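A short worksheet on the structure shown next.
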Amino acid sequence: MDVKLGSLDTTKPASNDVVSCATANHTTAIQSSIPSTAVSSCDATLGRHLARRLAQIGVTDVFSVPGDFNLTLLDHLIAEPQLNLVGCCNELNAGYAADGYARARGVGACVVTFTVGGLSVLNAIAGAYSENLPLICIVGGPNSNDYGTSRILHHTIGLPDFTQELRCFQTVTCFQAVVNNLEDAHEQIDTAISTALKESKPVYISIGCNLPGIPHPTFSRDPVPFSLSAKLSNQMGLEAAVEATAEFLNKAVKPVLVGGPKLRVAKASDAFVELADASGYALAVMPSAKGQVPEHHPHFIGTYWGAVSTAFCAEIVESADAYLFAGPIFNDYSSVGYSLLLKKEKAIIVQPDRVVIANGPAFGCVLMKDFLKALAKRLKHNNAAYENYHRIFVPEGKPLKSAPKEPLRVNVMFQHIQKMLSGETAVIAETGDSWFNCQKLKLPRGCGYEFQMQYGSIGWSVGATLGYAQAVPEKRVIACIGDGSFQVTAQDVSTMLRCGQNTIIFLINNGGYTIEVEIHDGPYNVIKNWNYTGLIEAIHNGEGKCWTSKVFCEEELVEAIATATGPKKDCLCFIEVIVHKDDTSKELLEWGSRVSAANGRPPNPQ
């Protein structure tokens, strides 16, 4: 069975060009009745082919920073009617924007210049690699005549070796293509892009600056839509894995299901819910899988995060006599400093292409989606764990009511943010205390949610918010960003304004790197305070729709939210929230102490 990449809108295009839009969970492509159109010889260029290919796979916005090595290529991207070039303030944010875009659309792309741009975007590409996001990183490279010479070029470290950038990208991309001649350019570009889609990882494409506009016979027709063969499960292995797992779980008294972040890359969220429906098991998610599983599911019990789990969730998971984890990542952060009370002999670990049952057998070449669907048909209904949860559950209390004009507390703020959520919103949570406060938000049906837990790069959310909002303009993005993180990447609020986005940014001003304070405090965690609303007004500079507010108490917050969701609903709204430097979630206090203990372990005896 083939899976085709790049999808069509419901209306059929008048021509046989491919109109595309990708979804968050999959990228598909449907080609029109005529497979490919001849292109005039003067238009049969590398630049046009790349532009058409990006549009075809579902990329309608490309995030870029111009530099002399990529300018000709940018001309060709601009000339493609289905592509919108989004100029960013720096390469790091362009990469973060492509990351956020890929989370919503299924694939993203950015274009930067050679070395100075490539090494600037590298950190964002590494983050996308850690989160299994297909991202096309395109670099305008040196003139093809300069390869293999002893020439020294600008934007390099002063050596005639041009491979420094390539070598840096080799560890954070799944494929690298250096296009410095036209003979194999078509093959290299298509192989790179199709590899990103198949592997769900970033790829690197360097294109010689003199090549985009030169016609070549290999580009004489519109690119034929990809038709990538789907990965298939080993049928015998699948049956054996399902049989062994069903036997294991059907013996259990109170089994549970826990969803992990790799549900996304396995495209198995629906299959996981199908298993939960069929089995009746209590259903939880790891923190980095929030948003991958519907929280309105009748057996949903919250986030399993060890000592900082949703109330009563850890007790149910850790007391279960069997637990199935679908796509987990157990790192020091998700395990709260390696303090989870789980036992291997009780666990079934399902990865995108592998199943491991307790201390017993392992089955390779078994796709998660196939496995979960088949397992759903073999399990006996057992809602014992959920019934236990229902018996012990006590509704969480509400924050203490604020006195008139009392300084605003963070838990009060998030109580009001909760009321803003709907199926027409999406939440972006920055690294820091927003991780923990946003984790406690209850997502209504259709509400998006993203954060970067594996890589945890502070400042990620500004670019990611730009990219996500550009990818899903029908949703209003609500971004919760700490002041320390915002100072890293603040410039691209400017790009949000240029794009006419109506995001609501809550800037939480507590005077420093609060998450690091709770791991290990020191004077380096205190930052220079900015006039954040003044900064945004300066960036606005009368161009675009923008509204700012600085709030100190609950009354002012309520008024600001009412304005942002009412008369200013079409504006980018920036609400600076002033809170006490020690006002953190209780979960961060607990998590920080455990991660600190893990970081501070003495060396093992020699």
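Heads up, the Cβ atoms here are built off N, Cα and C, so glycines get one too.
From a predicted model like this one, the values you see are computed outputs, not experimental measurements.
Per TrEMBL, Mg(2+) binding site is recorded for ASP483, ASN510, GLY512.
When DSSP labels each residue, the domain 'Thiamine pyrophosphate enzyme N-terminal TPP-binding' (45-154) comes out as 51 helix, 22 strand, 37 coil, counted as helix, strand and coil in that order. According to TrEMBL, the domain 'Thiamine pyrophosphate enzyme N-terminal TPP-binding' annotation covers 45-154.
What TrEMBL lists as domain 'Thiamine pyrophosphate enzyme central' is 242-359.
Taken from TrEMBL, the feature domain 'Thiamine pyrophosphate enzyme TPP-binding' covers 452-577.
One residue stands out among the binding-site residues ASP483, ASN510 for having the most other Cβ atoms within 10 Å of its Cβ: ASP483. Here GLY512 (Mg(2+) binding site) comes close to ASP483, GLY484, ASN525, VAL526, ILE527, LYS581: these same-chain residues lie at least six apart in sequence, with C-beta atoms under 8 angstroms from its C-beta. Listed in chain order, the extra residues whose Cβ falls within 8 Å of the Cβ center of the Mg(2+) site residues ASP483, ASN510, GLY512 are GLY482, GLY484, ILE508, ASN509, GLY511, TYR513, THR514, ILE527, LYS581.
Residue counts for the domain 'Thiamine pyrophosphate enzyme central' (242-359) under DSSP, split into helix (H, G, I), strand (E, B) and coil, are 39 helix, 25 strand, 54 coil.
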